[in-house]
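Per Swiss-Prot, Zn(2+) binding site is recorded for CYS325, CYS327, CYS330, HIS356, and the stated evidence type is sequence analysis.
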Amino acid sequence: MKFAIESISKNSGRLGQLRIKDGGPEFKTPLLLQTTKGGSIPWLSADVFETQVSRKPQVLQFTLSTMEQMTEALTHWNSGGGRGLSDYVGLPGHLNILLLRDPCETTPSGGNDRDILPLFTRRGKESLSAERYMEIVASFKPDMYEGLCDADTNLESAKKRVQKSVDRTEKFMHYIYEHRGKVNSTLLAPIVGGYNTFARTQSIKHAREQPAGSYGGYIFEGFHTNGLSATTLDTSELLPIVEHCVKQLEEDKPRILPGAYTPLTILELIQQGIDVFDTSYAYCASLNFKALTFSFVQDAVEHVPFLDITDEAIKEDFNPPLSNCNCLTCQKHTRAYLHHLYKTNELLGPILLMVHNLYHYMDFFEKIRESVAKDTLPQLTELVRNQNGKTQVDYSIAANTKVISKATMEKGFAAAAV
């Protein structure tokens, strides 16, 4: 993996070019990974994603917690001449990264053992050792993969739990570093330690002590428990820790921060020097019946961050979900129609909502890269912060009380309503 910095600004972060595989496409950073569940973009077929969301190659974010059951099949697939993980899930032409935990769902706490990491899958809790993890990585053959780490920490974690997460991660990574040569994939060094600067420094020091070429980048873990918790993080606590960590890292490696961070938090993290994020925020919004409507284009109109499609007030609103959006949903359909799909249990509902949210979020990142290049990210941050209003906009996502379960949501909107 090769990472080259095009420009660095004190006010706007950094702009870079990331090439994951020799001969593969180059990706501009700040980069947005495409979050998947079970190897698929939630609610979207490969054809819909590639024709209605993005026609360009993307980096798919796979998670072991949602794909562990595919290990045996992938072993046979790759040993029989299979063309890799993306081809296996029906998304050829895209590169991929393998993470441990699903950033879209809350990860249960506990279950930690000295030599074992708990992995919460669709079959329940699995015990994952460093040896077993490397066997799985060898079977999956991802383009990039996260080092095994204990990320069971958040803002409320006790000092003892934080220290254990660092010590256990070092033990796991000692084995990973020794055996990484058996896997033809780029390793990402995990940086853990919760909100403790000393613990984070210890984690960084352990990674930087490794021989040159041991890993291709850094991935930050342990700030939250995934799911909606990432949308409510206190940035006054988060940003100083990130700043502390970034100062200790070399410039020529990408920095990845998975999780459903809000648009405003992402902009502030980019100013700190983070390079790669994911689309789990767009998924969480879709799951909770919200269309993203925040503006990132300068105008004089006050905007709101979401459109709640369960709101009875839009049942006769024949405007598009977002007037200046060029996605299929906004070009062909109305707010009233989305509300109708929600009320009538139509599977088309979550499909159209996810198409819009992904399209809008990817457009947002295009604007971010443009702003970083022009060193105007502070102005974009101010717009996203207030949306031309007088107070800061709340981008946090609360679980919709009308949602019963994710399983019913996948069958349509109304099936999930009370």
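Cβ from N, Cα, C; glycine included.
Known features from Swiss-Prot, placed on the structure.
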residue : record              : Cβ within 10 Å
CYS325  : Zn(2+) binding site : 18
CYS327  : Zn(2+) binding site : 22
CYS330  : Zn(2+) binding site : 23
HIS356  : Zn(2+) binding site : 29
Using the Cβ centroid of CYS325, CYS327, CYS330, HIS356 as the reference point for the Zn(2+) site, which residues of the same chain not in that list have Cβ within 8 Å?
-> PRO320, PRO321, LEU322, ASN326, LEU328, THR329, GLN331, VAL355, TYR359, HIS360
